[in-house]
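TrEMBL lists 25-473 with the feature domain 'Amidase'. Residues or ranges marked as active site, charge relay system in TrEMBL: Lys80, Ser155. Sequence annotations record features per position, and here TrEMBL assigns active site, acyl-ester intermediate to Ser179.
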Amino acid sequence: MTDWTRLSAAALAEKLAAGEVTSVEVTQAHLDRIAAVDGAVHAFLHVSAEQALATAADVDARRAAGEELHPLAGVPIAVKDVVVTKGLPTTAGSKILEGWVPPYDATLVERIKAAGLPILGKTNMDEFAMGSSTEHSAYGNTHNPWDLDRIPGGSGGGSAAAVAAYEAPLAIGTDTGGSIRQPGAVTGTVGVKPTYGSVSRYGLIAMASSLDQAGPVTRTVLDSALLHELIGGHDPLDSTSIPEPLPALVAAARQGADGDLTGVRVGVIRELQGEGYQPGVLARFTESLALLERAGAEIVEVSCPHFEYALGAYYLIMPSEASSNLAKFDGMRFGLRVVPEDNPTAERVMSATRGQGFGDEVKRRVILGTYALSAGYYDAYYGSAQKVRTLIQRDFEAAFAQADVLVSPTAPTTAFKLGEKLDDPLAMYLNDVATIPANLAGVPGLSVPNGLSDDGLPVGFQVLAPAKADDRLYRVGAALEALLEQEWGGPLLAQAPELEETR
Ligand code: GLN
């Protein structure tokens, strides 16, 4: 009997179109898998079995009636809990939103629903997407399917773990500084942060509005391209949405899969390797470069001297924007309200609600952001960070004059142990050294699994492209994936230990 949870979304779509399986069967198989392994993985905060099966039955009926459907119709998906879903609880991993059920759908959710993808549920995440390990969730840890004692990355650890554990073939993530790509790297999955403005932010609970971007989390590069085309494109409800159509992403992924990169210039970013990177991560990176070269790519070295300051600039800009975005969680409008017993004035209710509703990392960043934006310090901190941001954008422009895509390891290390970095915020922040520059410049990035480090854990390879040239990510990513899978004789995830199924 075919195990439908092991197929890629593209393969499932084919089987569904050919009538070899129904969406109800595929959706039920994933719900069964969730029931069997999510006790151990804890990728989901909420499973919407009934709603998913209803969507699946509807798609099956429409298909049977001969209706023309979206290519991914009937393929189930999981959605990060920072994305609002009408009628489904949405917490952003925070206690302050416990019990909140949004009255509307994010644009990307509307598109998913219109295309007929059953939504399996909402995935765990660091509170308000602040973190690199999902340990800052108010609802407990998510565990890495490769080793349950380790972090699944963050903030989108739930989406990555769900896909890696075959609980969902597709998931939605959001990436403000790396939260799609870094979880992808440490779980052996594919993750893409699209060009800023290419996927609507309408209905994402904003962390840092100038950096946030939603994107696909999948097991193959082609699946990411299919999902990106579905959720992307102009949205009048998002004032920063790019008006022109997306480039042809699926076509680029299919072209890349033939493994020919003749004429493609690949720029290796000198500053994103060496010190601080695990030897096994660097070894896999060098081997992948050799593969790309054999595929016909021209490898050049580029320098981005200001990337050194990216982390510093990010940790001023991001908290500044977050402190403003999170001001609306005041106990008056959404979710939790804590009323102190004596003298419950509005101000004291707000203060008690925020005091109890937010976790330590959120408080740390709200305090930092409020400070950086305060009169007298604004120019010194926020203003300087914005200048650094411009310098990083110029580094990218200069580098893209020499290369079609830029590459680096996605994350400096493999998945660390749960608890290992929890008391050391700076060590946690360092996970994103290689991913943050793309957010500061608005350029797209993809992480594709490129092997196991010496510790037997997965490593990711990052590809970056100029804004609006997301198609290049898919071409290069798919080529590398195809070449690596030839070597491995199948996907990297096939080398992950089997999770014990308990029912
Ligand atoms: N880890 C980074 C942070 O903590 C990035 C988070 C994200 O991309 N949402 O801010």
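The backbone N, Cα and C atoms fix where each Cβ goes, and this holds for glycine too.
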Point to revise | Distance-selected active-site residues near ligand 1 (C-beta under 6 Å), from Lys80, Ser155, Ser179 | key: Ser155, Ser179
Review point. Taking the Cβ of Ser179 (active site, acyl-ester intermediate) as centre, how many other Cβ atoms lie within 10 Å?
Key: 37
Review point. Helix, strand or coil: which one is Lys80 (active site, charge relay system) in, per DSSP?
Key: strand
